[in-house]
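In Swiss-Prot this protein carries:
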| type | residues | note |
| --- | --- | --- |
| REGION | 147-240 | region 'Catalytic subdomain A' |
| ACT_SITE | 189 | active site |
| ACT_SITE | 333 | active site |
| COMPBIAS | 708-717 | compositional bias 'Basic residues' |
| COMPBIAS | 736-745 | compositional bias 'Basic and acidic residues' |
């Protein structure tokens with residue numbers, strides 16, 4: 001008789017060993033403390049290269065042992081370990097690698113060192129920001145709606161099409177809030193008659209100022225003078241809110257009268273250029289997820305949440321106290337938050353997406369938007385430096401400093417990519433060290449930086465993708481960085497173009513030509529290095545140096561090729577983007593037939609539903625009514641079934657008036673749980689991420705017209721978090737609500 005085998009996989013010897021270590025009460029912390037002390041001592045004393053190699057291997061082993069446990073203490077430990085390993089590397093770089101033979105070597109070597117110092121500075125600041133993310137949850141509103149505050153919803157627009165703006169306006173009009181306590185305003189800097197007529201037809205209010213001074217900030221300031229609500233919800237004209245936006249977010253504004261701003265994530269229901277153009281795009285977290293999933297939660301702990309221009313609630317009293325929205329820079333949002341915090345106001349972040357908008361369609365548009373952000377943040381750094389002036393706590397200063405100086409990445413990024421060319425083309429050794437020493441000090445530093453980031457970022461950002469996102473725009477931002485630092489008043493606000501279509505596949509040469517040139521030069525350098533390794537008679541040190549720089553150039557070339565691949569723009573013909581959603585519905589036709597089903601995807605163009613129905617072809621469509629109950633509202637939506645076969649039916653909406661259109665908007669975009677799957681991605685694994693980056697390059701070599709087979713992450717249910725607060729007793733004996741803990745520094 002055969003033995004019954006366990007279905008659980010056998011645990012490796014390493015797993016059993018590390019679990020044994022971690023299971024000992026307090027042992028992990030003792031071992032950790034001793035290990036960090038030993039590492040610090042090894043950094044400060046002179047050890048042989050072989051002994052330093054042992055130190056490096058021990059650090060890697062400690063990472064794997066401690067990293068098996070998932071807890072906040074583990075993350076802090078790994079961040080401290082990574083910082084010490086990086087300090088060890090920096091000590092070595094400053095004391096043993098700056099011995100140059102020529103002025104050229106010296107200049108190139110110091111240039112690389114400065115780039116590394118910037119990278120280490122940003123690494124340490126990022127660890128500081130994310131040391132204890134707050135993970136704020138919603139607070140309940142008072143039971144009596146009469147106690148809820150009044151809210152003005154501002155939707156600023158300039159030259160965007162009405163077809164985009166109307167969805168946001170209709171979504172805002174559908175927000176669950178007492179009708180006498182909310183007003184929706186279209187702030188039209190384009191002064192268009194069709195927008196005024198639409199506002200009158202749908203029940204929104206319309207404000208148009210006589211000029212366009214100070215762009216978006218001026219538009220908002222003008223509206224403040226002509227409205228009276230206690231709070232202001234700002235929505236970019238393409239950010240369509242869910243019905244529960246105010247009920248989920250306003251609890252904090254009511255509970256704490258010192259909160260001037262509550263920011264929520266920016267989520268996009270359409271793919272950005274990286275998602276749309278790369279074969280692995282839909283399996284990779286969007287670029288903005290790192291900021292809204294990790295960094296803003298970390299900022300919230302330090303009371304340094306940034307205002308991001310949309311999907312945010314602001315207290316009118318706080319805005320009026322600082323004289324309105326900041327107009328000195330092109331990023332009025334972050335500057336406004338900084339000014340409020342200088343006045344002693346608090347800010348908050350709620351990591352629940354309550355609205356969704358359109359991502360930039362084209363790569364060149366994406367680059368232009370980031371150039372404006374970079375210009376604006378560097379302007380704030382120059383004209384209102386957070387490290388100077390009064391009113392800010394240390395944590396706030398450092399968080400703002402990190403945000404502003406992060407946009408200096410362009411020059412260091414170019415230096416890192418190009419550095420191997422100094423040796424491959426000109427035999428200039430810009431790190432005065434043997435390849436073995438580089439491996440002993442640099443590789444552990446890189447390993448811990450990458451591996452620790454993977455633990456911290458989880459599924460919000462994958463390893464090596466930050467390099468791709470930065471490299472896409474680095475060569476464009478070099479000039480912006482230098483000019484803005486020297487002349488901070490230069491530059492103007494540019495509206496980001498959205499909502500377009502791409503009728504044919506094309507290669508965006510405008511957005512990629514600098515990196516194409518860069519990649520050609522890098523490939524030539526690699527060929528030069530390979531030629532030397534294969535055909536030249538090299539001594540062992542030169543051979544290792546060529547091998548090291550060839551590996552470096554291969555990594556640079558992979559990043560550059562991935563960046564160029566994003567420029568292969570795929571066709572985008574849909575005006576209405578499909579959104580995956582599983583909604584129970586019942587379909588009725590006018591002959592009395594009915595069937596229950598589940599939606600597969602929804603859009604403003606129609607809906608696909610899994611349901612048993614007779615075969616229907618486009619030549620013989622069927623008029624139906626789709627019945628659904630969402631957030632307590634019964635909906636009966638008229639539609640036309642244009643195709644039905646094999647248990648799946650496709651419908652187009654039959655929108656006859658603005659009331660039906662508003663109901664469809666609520667059905668498609670207004671569901672309270674519509675965007676809770678926004679981070680349904682697997683946790684980062686660096687080697688898998690590197691492989692996906694290599695796979696993304698194949699987009700460059702696909703045949704014209706060949707579609708990319710995107711594989712979306714599988715959906716899993718996510719519960720909406722609710723803050724549970726126990727009442728505490730004040731000194732006067734009265735009950736008061738407990739407050740969330742955050743840094744006091």
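Just so you know, glycine gets a Cβ as well, placed from its N, Cα and C.
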Helix, strand or coil at residue 333 (active site) [DSSP, three-state]: helix
Winner by Cβ contact number (other Cβ atoms within 10 Å) across the active-site residues 189, 333: 333
Conformational class of residue 189 (active site) under the three-state DSSP mapping: coil
Residue distribution over DSSP helix, strand and coil in the region 'Catalytic subdomain A' (147-240): 36 helix, 22 strand, 36 coil
Pairwise Cα distance for residue 333 (active site)/residue 189 (active site) [Å, integer]: 18
